[in-house]
Amino acid sequence: MTTASSADHPTRRDFLFVATGAAAAVGGAAALWPFISQMNPDASTIAAGAPIEVDLSPIAEGQDIKVFWRGKPIYISHRTKKQIDEARAVNVASLPDPQSDEARVKSGHEQWLVVIGICTHLGCIPIAHEGNYDGFFCPCHGSQYDSSGRIRQGPAPANLPVPPYQFVSDTKIQIG
């Protein structure tokens with residue numbers, strides 16, 4: 001038995017129905033939140049794959065630094081004019097993994113070489129400025145890379161890989 005006046009105004013029963021439904025929705029969302037949020041990667045996982053920025057200004061000509069990105073060592077070399085000229089004078093066809101120096105550096109920033117510092121033979125960490133080619137020398141099995149990170153001698157099958165990177169400014173790069 002409803003009258004016209006009670007249909008326009010909500011009853012106490014309507015209020016309790018809406019309040020109970022809202023409380024159940026909030027409680028259900030609060031109960032489900034931990035299950036949904038645990039599917040997201042944690043902060044260390046996100047940070048491990050995140051791009052990193054490296055300031056190049058403290059690296060003197062002829063020096064290298066090693067940084068880590070995604071758990072891998074990255075060598076950043078500030079090459080001298082002599083190293084660049086020697087790398088470009090190499091007959092690319094004579095290399096085990098033919099690749100020109102120009103293909104391994106960014107145009108306009110030829111003095112900077114950025115490579116992943118893991119030997120392509122068995123995964124050892126090469127030493128910078130060692131070996132016969134003033135590049136990288138793998139102490140495990142003797143692979144020798146030139147100043148452009150190209151394999152020149154030894155059992156390694158390929159050049160040191162170049163990670164994805166870009167110049168943010170003249171003195172800063174972003175790796176990743």
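Any Cβ shown, glycine's included, is placed from N, Cα and C.
Swiss-Prot annotations:
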TRANSMEM  15-36  transmembrane segment
DOMAIN    87-174  domain 'Rieske'
BINDING   CYS119, HIS121, CYS138, HIS141  [2Fe-2S] cluster binding site
DISULFID  CYS124-CYS140  disulfide bond
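CYS140 (disulfide bond) sits 9 Å from CYS119 ([2Fe-2S] cluster binding site), counting Cα to Cα. Assigned with DSSP, the residues of the domain 'Rieske' (87-174) fall into helix, strand and coil as follows: 9 helix, 25 strand, 54 coil. In sequence order, CYS119, HIS121, LEU122, CYS124, GLY154, PRO155, ALA156 are the residues of the chain that are 6 or more apart from HIS141 ([2Fe-2S] cluster binding site) and have a CB within less than 8 Å of its CB. Taking the Cβ of CYS138 ([2Fe-2S] cluster binding site) as centre and 10 Å as the limit, one finds 27 other Cβ atoms among all the protein chains shown. Figure note: comparing Cβ neighbours within 10 Å for the recorded positions CYS119, CYS140, the maximum is reached by CYS119.
Confidence annotation: the domain 'Rieske' (87-174) carries a mean pLDDT of 93 in the model.
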